[in-house]
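Structure record follows, encoded as structure tokens.
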Amino acid sequence: MTTVRTRIAPSPTGDPHVGTAYIALFNLCFARQHGGQFILRIEDTDQLRSTRESEQQIFDALRWLGIEWDEGPDVGGPHGPYRQSERGEIYKKYAGELVAKGHAFPCFCSAERLDQLRAEQTANKETPRYDGHCIHIPPAEAQQRIAAGEAHVVRMKVPSEGVCVVPDMLRGDVEIPWDRMDMQVLMKTDGLPTYFLANVVDDHLMDITHVLRGEEWLPSAPKLIKLYEYFGWEQPKLCYMPLLRNPDKSKLSKRKNPTSITFYERMGFLPQAMLNYLGRMGWSMPDEREKFTLAEMIENFDVQRVSLGGPIFDLEKLSWLNGQWLRELSVETFAAEVQKWALNPEYLLKIAPHVQGRVETLSQIAPLAGFFFSGALELDAKLFEHKKLAAEQVRQVMQLILWRLEALRQWEKDKITACIQAVVEHLELKLRDAMPLMFAAITGQASSVSVLDAMEILGPDLTRFRLRQAIELLGGVSKKETKEWEKLYAAIP
Ligand code: GLU
């Protein structure tokens, strides 16, 4: 019997997302339940957006939760390398094979031609799709043009009619018409593969037997299935997991819910509780009990118990469950958890230089710097009344800074300052116009330690969360404002 092998294949392009942990958890449980292996592969073919910092954050966040993998970039294994950026030659070889077999073709169309095509199709209310312009170029001619250095991509051929049957472990056979599929680019002009090619090649070469992935990938499943067929490979069993949702049923998004795992760590959730809650997303124990450990989940796991109604990721429910976990700890363990969370030497050492010169007794530390040990703050709207700026401008400046900080990858004081600087300059304001607002949002006080230092120490998750909280307190941002301000934001150099 073949060994069950599952994997998680995150792209390291941002904060470690709770959705990644959710999918990882189910893949882990499935593999363990069958005595199989669970692999971590990094899909970093998007060179512009992928970073090593983000990759490291994914490793750390999953480990914090208690999710361990048997093979991966950091632990090695017999199917490496486990980073797609290190597998370039492999994809080239397989793309070449598809072209040679006539299942794929080089395409020389310029970006302008494709833009124009898309514009025409959209105007005619057609689904934008590649029109097959380069499909009939004789192979010898194509080879010559490539040899002469002409820029090109490789596209796969797809049937133009009929339906593709996607066998989903949860939904049964799902039929998707072929005319919805584009002639997908498999290799980009830079010689790197797209998700589709790299994903299929790697799942095959890494002997993956079952793929549990998010349901957002279901519409593109036919292209993967076709690729398996073209290569003559057996396709893994497919399972499209329901998407996590905000309480209003929309897809979980950071605008409505913090989505970074590190946020939950900073807020003082227990990793066991977090994992337990993710296990409750669309799944339940046979006896419906709410609180269970990873080991219990593995022991009782049955993927068929996943229900398709979109599971709601609700902060209140998670907090309730976390409370259950906290209350059941022994007092000693509880105290140890508090220490580990924020009363640890490492964290205190970061704060100490900023408070030492401002207190006469140690007991003044809590009133001065209590916000370092809080999550959400009780904010006072009065602190946001501004001498110079109207209420709308106050929200605007804060929102633009928030967006800028959301995109900031290296969380350091001077980089944070540069974000704020860029926004205020663009709005023709001064740093001192924006700083009191930052101060109020981040510390919740009228005076305390330097807010830029505080932001660096608090970290990106809590800083962004508090800014969001403050903007909400002041009335939030309307849809119309979002549109206008996004334009303004895009123009900031
Ligand atoms: N790299 C994809 C992602 O970031 C992987 C999706 C899949 O599991 O195939 O979600």
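Every residue, even glycine, has its Cβ placed from backbone N, Cα and C.
The feature domain 'Glutamyl/glutaminyl-tRNA synthetase class Ib catalytic' is assigned by TrEMBL to 4-320.
According to TrEMBL, the feature motif ''HIGH' region' maps to 10-20. Remote same-chain partners of the motif ''HIGH' region' (10-20), defined as residues 6 or more beyond its termini with a Cβ less than 8 Å from a stretch Cβ, comprise 40, 42-44, 46, 49-52, 54-55, 57-58, 60-62, 214, 243-244, 252, 259-264, 278, 313, 460-461.
The Zn(2+) binding site annotation in TrEMBL covers Cys107, Cys109, Cys134, His136. The Cβ neighbour count for Cys134 (Zn(2+) binding site), using a 10 Å radius over every protein chain in view, is 18.
Only residues 6 or more beyond the boundaries of the motif ''KMSKS' region' (251-255), in the same chain, are considered here, and those with a CB under 8 A from a CB of the stretch are 18-19, 216, 243-245, 313, 406. The motif ''KMSKS' region' annotation in TrEMBL covers 251-255.
Around Lys254 (ATP binding site), taking its Cβ as the centre, 16 other Cβ atoms fall within 10 Å, counting all chains. Positions annotated as ATP binding site by TrEMBL: Lys254.
Annotation source TrEMBL lists domain 'Aminoacyl-tRNA synthetase class I anticodon-binding' at 334-471.
Note: the CA-CA distance between His136 (Zn(2+) binding site) and Lys254 (ATP binding site) rounds to 45 Å. Excluding the listed site residues Cys107, Cys109, Cys134, His136, the same chain places Phe105, Pro106, Phe108, Gly132, His133, Ile135, Ile137, Arg155 with Cβ atoms within 8 Å of the centre of the Zn(2+) site Cβ atoms. The binding-site residues under consideration are Cys107, Cys109. Their Cβ neighbour counts within 10 Å are lowest for Cys109.
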